[in-house]
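Step one of this worksheet: look at the structure below.
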Amino acid sequence: KESAAAKFERQHMDPSASSISSSNYCNQMMQSRNLTQDRCKPVNTFVHESLADVQAVCFQKNVACKNGQSNCYQSNSAMHITDCRESGNSDYPNCVYKTTQAEKHIIVACEGNPYVPVHFDASV
């Protein structure tokens with residue numbers, strides 16, 4: 001079974017893509033990372049930083065998660081991210097996404113030993 005940490009990497013990590021020229025990025029990535037298997041996932045964020053830099057966020061600023069849990073952490077610095085948002089005219093399994101790049105602080109939930117990101121909570 002895929003671990004929570006591995007699932008986070010599959011769903012949210014894309015360190016190699018520092019600049020995305022293609023408006024098709026989300027359509028391709030959401031499919032290749034299996035995020036459209038049983039439905040069109042409405043929103044997903046990819047982080048274009050090294051895994052080590054994202055894992056380090058677990059030891060940065062502790063903040064409350066959206067669900068009220070206390071194991072979320074906000075990055076000290078802004079990170080290069082891409083937001084993928086379902087466009088509203090998807091016809092599953094043909095999911096259509098809008099690709100938006102941003103530089104924002106990320107908030108992740110962490111757990112386990114080693115203490116690593118298991119959930120992408122927000123970007124601010």
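For all residues, glycine too, the Cβ spot is worked out from N, Cα and C.
Annotated in Swiss-Prot:
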- His12: active site, proton acceptor (ACT_SITE)
- His119: active site, proton donor (ACT_SITE)
- Lys7, Arg10, Lys41, Pro42, Val43, Asn44, Thr45, Lys66, Arg85: substrate binding site (BINDING)
- 1-13: compositional bias 'Basic and acidic residues' (COMPBIAS)
- Cys26-Cys84: disulfide bond (DISULFID)
- Cys40-Cys95: disulfide bond (DISULFID)
- Cys58-Cys110: disulfide bond (DISULFID)
- Cys65-Cys72: disulfide bond (DISULFID)
- Asn34: N-linked glycosylation site (CARBOHYD)
- 1-23: region 'Disordered' (REGION)
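Annotated features, which come from Swiss-Prot, shown on the structure.
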residue	record	Cβ contacts under 8 Å, 6 or more apart
His12	active site, proton acceptor	Asn44, Thr45, Phe46, Val47, Val54, Pro117, Phe120
Cys26	disulfide bond	Asn44, Thr82, Cys84, Arg85, Tyr97, Lys98, Thr99
Lys41	substrate binding site	Met30, Leu35, Glu86, Cys95
Val43	substrate binding site	Asp83, Cys84, Arg85, Glu86
Cys58	disulfide bond	Tyr73, Val108, Cys110, Tyr115, Val116, Pro117
Cys65	disulfide bond	Asn71, Cys72, Ile107, Ala109, His119, Asp121
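Contacts of Lys7 (substrate binding site) defined by a Cβ separation under 8 A and a same-chain sequence distance of 6+ are given as Val118, in order along the sequence. In the three-state DSSP reading, Lys41 (substrate binding site) counts as coil. The region 'Disordered' (1-23): residue composition by secondary structure is 9 helix, 1 strand, 13 coil, according to DSSP.
Among the record's substrate binders, Lys7, Arg10, Lys41, Pro42, Val43, Asn44, Thr45, Lys66, Arg85, no two C-alpha atoms are more than 22 Å apart, and one pair sits at exactly that spread. Packing around Cys72 (disulfide bond) is summarised by its Cβ count: 23 other Cβ atoms lie within 10 angstroms of its Cβ, all protein chains included. When the alpha carbons of Asn34 (N-linked glycosylation site) and Cys40 (disulfide bond) are compared, the span between them is 10 angstrom.
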